[in-house]
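The structure under discussion appears below in the form of structure tokens.
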């Protein structure tokens with residue numbers, strides 16, 4: 001039942017991508033921060049954060065924001081590689097800022113609360129977004145990148161009004177889940193209907209004729225993801241039947257690993273796996289093995305979930321199989337090697353962020369604990 005959220009979030013993201021929401025979010029972000037040095041790049045990160053809260057997918061975020069933002073940066077005199085590197089990295093927020101398809105998969109694999117995971121991703125997502133913005137500002141001053149003229153209050157309000165229908169989707173999803181109005185799966189279904197309504201009748205960027213294509217595209221994506229998930233679940237089932245997770249847990253406990261040492265090993269394993277495999281498959285195969293050990297060592301399962309998601313983010317920009325690298329290459333027409341070179345400097349920031357998330361559990365747990373989500 002939990003996994004049913006995936007096709008609905010994919011459909012909602014497809015409507016939002018086709019329905020011109022990304023353009024409106026970018027315009028709003030430009031009006032907010034475009035006047036700062038390196039403002040177009042900072043607004044691209046802000047747009048990625050906003051779109052991440054609608055789509056639940058990193059490649060979708062890169063495709064939607066990158067296709068518009070990178071071209072805009074190049075027109076304004078930014079190096080193309082600079083823009084590509086930023087969007088490629090900021091797009092990873094698609095799986096950290098809720099709703100997140102990868103979090104839904106983790107919740108299904110470990111029987112944790114999706115709502116609690118979503119709330120745990122909010123502060124880390126905002127923190128990473130702000131860290132990227134600060135880093136861009138510092139680099140932009142060194143590179144003397146252009147700033148746009150400051151938007152008037154009227155322009156700011158106009159862009160906010162145009163973007164508000166897209167932004168409302170975040171409120172519906174997170175507000176609905178937190179208030180208990182609906183479960184995450186129901187929230188995903190509501191999001192899909194709402195996104196379709198906005199694209200067709202409010203923004204009118206889409207016609208009814210285009211609906212079958214959007215449904216077909218998101219259907220193809222769903223089939224691809226579900227096929228990976230089904231096979232990974234079979235593998236996980238075999239592992240459990242053979243008592244492999246229990247054996248590994250006993251072995252790790254016998255070794256006397258401290259929680260910090262265990263988490264270091266987890267990060268290394270996940271970073272290596274992330275370079276070669278799709279995030280959902282990694283989580284379904286490794287979560288059932290890591291989860292019981294973490295519980296034994298007193299590590300909160302929700303905290304472990306966020307650590308896994310941040311590792312998956314880094315996996316999305318690590319060759320040879322980093323999905324965001326391929327999407328950025330397709331969107332910009334840059335060769336893959338050039339995209340990898342452009343994305344790597346920012347990867348250091350993500351690795352530093354991973355250390356904070358791993359060893360400062362309060363970053364992930366503060367919001368769910370404050371909201372009293374003990375389920």
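One is the number of the first residue shown, and numbering goes on along the chain from there.
Any Cβ shown, glycine's included, is placed from N, Cα and C.
Which of 223-240, 241-258 counts as transmembrane segment depends on TrEMBL, and there it is 223-240. With a cut-off of 8 Å between Cβ atoms, the residues of this chain six or more beyond the transmembrane segment (163-181) that come close are 12, 16, 21, 24-25, 27-28, 50, 53-54, 98-99, 114-115, 118-119, 122, 187-188, 190-191, 194-195, 198, 202-203, 371. Contacts between the transmembrane segment (347-367) and the transmembrane segment (118-140): present, as 3 or more C-beta pairs lie under 8 angstroms, all at sequence separation of six or more. Here the transmembrane segment (321-340) sits apart from the transmembrane segment (118-140); fewer than 3 CB pairs are under 8 Å, leaving out pairs fewer than 6 apart in sequence.
Looking at which of 38-70, 82-106, 187-203, 284-309 has the most CB pairs under 8 Å to the transmembrane segment (223-240), the answer is the stretch 284-309. Proximity of the transmembrane segment (38-70) to the transmembrane segment (118-140) is established through 3 or more Cβ-Cβ distances under 8 Å for residue pairs spaced 6 or more apart. This prediction places the mean pLDDT of the domain 'TRAP C4-dicarboxylate transport system permease DctM subunit' (2-362) at 87. Away from its own ends, the transmembrane segment (82-106) comes close to residues 2-3, 5-6, 9-10, 40-41, 44-45, 48-49, 51-53, 55-62, 65-66, 69-70, 73-74, 112, 114, 117-119, 121-122, 124-126, 128-129, 132, 136, 143, 145, 173-174, 184, 187-188, 191, 225, 229, 279-280, 283-284, 287, 305-306, 308-310, 312-314, 316-317, 324-325, 327-328, 332, 334, 338-339, 342-347, 349-350 of its chain (Cβ-Cβ under 8 Å, at least six residues beyond either end).
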